[in-house]
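Asker: This is the structure, below, for whatever I ask next.
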Amino acid sequence: MDSSVMEIIFTFIGGLGIFLYGIKQMGDGLQATAGDRLRSILNKFTSNPIMGVLAGMIVTILIQSSSGTTVITIGLVSAGFMTMRQAIGVVMGANIGTTVTAFIIGIDIGAYSLPILAIGAFLIFFIQKRKVKNIGMILFGFGSLFYGLELMSGAVKPLANLDGFKQIMLDMSSNPIYGVIAGTFLTVIIQSSSATIGILQGFFANDLISLHGALPVLLGDNIGTTITAVLASLAGSLASKRVAAVHVMFNVIGAAIFLLILPLYQSVIEWMQGAMHLKPEMVIAFAHGTFNVTNTLIQLPFIFVLAWIVTKIIPGEDINEKYKPRHLDKNLINRAPNIALQEAQDEIQNIGRMTLSMLQKVNHYDEKTEKDIVQKHAAIDNMYDNVRQYLTKISEKKLSQDDAERMSVLFDVNRTMLKVAGLSEAYLLDLKKKETDPIKISDKAEQSIEKLYNHVNMSFEKTVEMFNVYDRVKRDEIVKISNDSYKLEHDLRKKHIKRLSSGECSPEGGLLYLDMIAILERIGYHSRNISESMVDIDEIELEEHAENPIGWSY
């Protein structure tokens, strides 16, 4: 290979590496400056599609990555903190937010990239204050971004003299589909639409590609960026897969619309170029911004249609939607906090029922059961967080002493339910290990585990029933089962040590067995605690009733 070609390739990929690192450093610095507010912005400011678009824009501008925003959104949807319809607005906003990078690139400060980089490095290495270091990261990333662009731009200039490269550019100009494919493929490889748009800006600035050829590549860049969301959703919930699918649909539909009106699109950009005297890099930035803003304006009114289509393409029941909070009326917090406490208690009862359904399924392992248990645990985690936030808001109101005590008990019960859900999943994972790994556990040990499991399952079932009728008799039954379980667990440990000594169980099997009975013992312990807490609530309500002869029911 000719040495000049090698120099072009090495300089280009080196510049690309510095450019990508610059984007990451700038994004990390902005993210560190913003702190935990990014998730909060996405979580709180998505009450309607327009707010979702704004939230998506803000977060993407802060982290300099539309893919990053989409991945965070998918995580929130998968955990049940955001609905799919809310997420669609965020995805649209992320597409607009990512255009800011192209506008930054369009500013001609390449000559100052190294001094900016040096200032950033000085702040990072010689200043101890965390906030100043974060600013240093932003400046270092900013300088690296422009220095990388300078290297790439310088590297591609000689390509104008290569006949093969000229022919490729002519083909893309004559057939827009080639341009879309090229843009998509390049972005999938690099995993950054900002980088591929930056490369396109360099090509256009050096007259290596015409505007007619550049616009389809730009559309392809926007399609290619969706691959990150698709990969992030593969291990997520059904809802997260739907969000990724909507992201693909949104960008593909937009690209198709703009391909159909490509002559008009080109005319608008050329008019902008002449009217505002735009430099070549800024022309591509405006083309990128025009596409994403217009695409959002076109499709924003059809969010519900997109959501409906994707549920048909990816059918199934979304567990977070199925088990979302059914009570927790926020209006009651201000108007009647004592009734709001009952709402919270009813929601905790739902958590209890769902946790019981988990526990009743974990005595045997298969892949379908594991998937169901993992999804239910995620849904319970979401429900727990909703109840916790609801109770926290109630605690800010003026409460009677009895209501304050009742609220404290509900906080404890809510947290304990989540612990039982986590232990149930841990028990299933131990069963999975026993089934999939060649671990030897004796038949007697298997029977012992089954016996203890039945005790614990019965105890927790009675505990959940106490939400309907909680009295001391039922509590005493649970205490008796709990005591029996404790004695049984103690006896099982002693017998198991004998089996280990005789070689009936392998050492690996012995450790697994002890872990499983320890998990069951903890579930039994939590069942007893919840039952005692429910009796405390009953006694608090009896006191309230005695003080309230009208018989007002909460």
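Note that Cβ sites are derived from N, Cα and C of the backbone, with glycine treated the same way.
Just so you know, TrEMBL annotations are computer predictions that nobody has curated.
As listed in TrEMBL for this protein:
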type	residues	note
TRANSMEM	5-23	transmembrane segment
TRANSMEM	50-75	transmembrane segment
TRANSMEM	111-128	transmembrane segment
TRANSMEM	135-156	transmembrane segment
TRANSMEM	176-205	transmembrane segment
TRANSMEM	217-238	transmembrane segment
TRANSMEM	244-265	transmembrane segment
TRANSMEM	286-310	transmembrane segment
DOMAIN	449-533	domain 'PhoU'
Asker: Sequence-remote contacts (6 or more beyond its ends) of the transmembrane segment (286-310), Cβ cut-off under 8 Å?
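Answerer: 49-50, 53, 84-85, 88-89, 92-93, 95-96, 98-99, 102-103, 197, 211, 214-215, 218-219, 222, 242, 245-246, 249-251, 253-254, 257-258, 265, 268-269, 272-273, 276, 278.
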Asker: For the transmembrane segment (176-205) and the transmembrane segment (5-23), decide whether they are in contact, meaning at least 3 CB pairs lie under 8 A, counting pairs 6 or more apart in sequence.
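Answerer: Contact criterion met.
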Asker: By a Cβ-Cβ criterion of under 8 Å, what residues six or more beyond either terminus of the transmembrane segment (5-23) are in contact with it?
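Answerer: The answer is 64-65, 101, 140-156, 158-159, 190, 192, 194-195, 198-199.
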Asker: Average the per-residue pLDDT over the domain 'PhoU' (449-533) and send me the rounded value.
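Answerer: When the pLDDT values over the domain 'PhoU' (449-533) are averaged, the result is 75.
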